[in-house]
Amino acid sequence: MGIIDEAKRGQITDEMRAISKLEGIPVEKVRNRISEGKIMLIRNAKYPSRKLVPIGKGLTTKVNVNIGTSSEVVDLDMELQKVKVANKWGDTLMDLSTGGDLDAIRRDIIKASDLPVGTVPVYQIFIESFKKKSGGAYFTEDELLNTVEKHLKDGVAFMTIHAGITKDLAIRALKSDRIIPIVSRGGDMIAGWMIHNNSENPYRKNWDYVLEMFKEYDAVISLGDALRPGATGDAHDEFQIGELLETARLVKNALQKGVQVMVEGPGHVPLNEIAWDVKLMKKLTGGVPYYVLGPLPIDVGAPYDHIASAIGAAISSASGVDLLCYLTPAEHLGLPTVKQVEEGAIAYRVAAHAGDVVKLGRKARKWDDEVSYYRGKLDWENMISKLIDPQRAYQVYTQFGTPKVKACTMCGGYCPMMWAMDQVRKIGSSSSL
């Protein structure tokens, strides 16, 4: 029995109690929202990760870190270093490898990760088909489904399943005047398969069986947005919305079967459209968790897309997004280094908390208030220890040596907090004030 079925039966399990304690909300709310599909636990029940990662309504915004080899760069040691970065800064991890021994790489990443690991199974079968049959779209439906099952057996906790795109939507998008017809790698693979085989989406055709597989492991289906906008000029066109409508139907069906499900979102979206993108998705899907790639509010930001997208991510988080998929400085340019993975993850930790201050209010802001209290007291040790990155903060604080006065090296002896404390002492010692 999966966690949704347990919640629907009114059961309160140890996992629900753990979520309640972690997030600081009543366990009855946790149970009720799980039963409605508004909270879920990212896990593979047969191979639990070392970190508990719930996402959804009323919970803190979580951050996903993408790693993985490419056809151009296969360096497993580097990817395992990225896993260490993800363990420190992230909540979930996706292996998007497309080069090397994909089975071995995936298993090594799962073994090294403290976090729930996700994959995009169509990558593997497309690449294997390309190598063995001289064409990526030559795989069979059974081969795709067997790949999904293999990933579940390996302990994968969530998978991007591009089931929302139909053959009609794919053909019309490719013939359209979109700036970039299809930007999703997995979505393009499914579109290519449908066109080559003159057949409907293999995930949709076998949807009941897909649900059965995920139900067995109580793992999470992450419904991919194959037609997400790859340019801000394509945002919220008929193809993105058309796929979302199809996805919403699949969501309802999955929840009816007791299968955990979330929806993936864009992508490239102008700043003024981000909040209502979230509201639209939540409305159409009944409030299931939303997993969003930023979004990027501009298209010209590379190699600073981690900064540009963090702006969009803060707005999307504040508007109700539950899981943020990070971007790195290498986005749109190449495979990221370990350092670039860290830069992206930290940017998204900042964005997630900025959103939570709006979304969760006082519960999230307590952290900021504590830091500000110590800052006002010039209590550097306690203030620095509470920051997002204490180690880096201390390096910056001491980069010109230890300050000669209690203040930092920016204001020195003219620090307003230092002067304010001095004035308070004078006021307290004066009988005339």
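Yeah, the Cβs are placed from backbone N, Cα and C, and that goes for glycine too.
Residues ASN66, MET94, HIS162, SER184, ARG185, GLY186, ASP225, ALA226, LEU227, ARG228, GLU264, TYR291 are given by Swiss-Prot as substrate binders; from TYR47, TYR123, TYR138, that same site also lists TYR123. Annotation for ALA226 (substrate binding site): spatial neighbours HIS162, GLY164, ILE165, ALA170, ILE182, SER184, GLY186, GLY187, ASP188, ILE190, ALA191, GLU243, criterion Cβ-Cβ under 8 Å with sequence separation of six or more.
The secondary structure of CYS411 ([4Fe-4S] cluster binding site), as reduced to three states from DSSP, is coil rather than helix or strand. The secondary structure of ASN66 (substrate binding site), as reduced to three states from DSSP, is extended strand.
Neighbour density at the Cβ, taken as the number of other Cβ atoms within 10 Å, is lowest among the binding-site residues TYR123, TYR291 for TYR123. On its own chain, CYS408 ([4Fe-4S] cluster binding site) has TRP380, TYR397, CYS415 as residues at least 6 apart in sequence with a Cβ closer than 8 Å to its own Cβ. Here is what falls inside 10 Å of the CA of HIS268 (Zn(2+) binding site) among the binding-site residues ASN66, ARG228, TYR291: ARG228. Under 8 Å, Cβ to Cβ, and six or more positions away along its own chain, ASN66 (substrate binding site) finds LEU93, MET94, LEU96, CYS325, TYR326.
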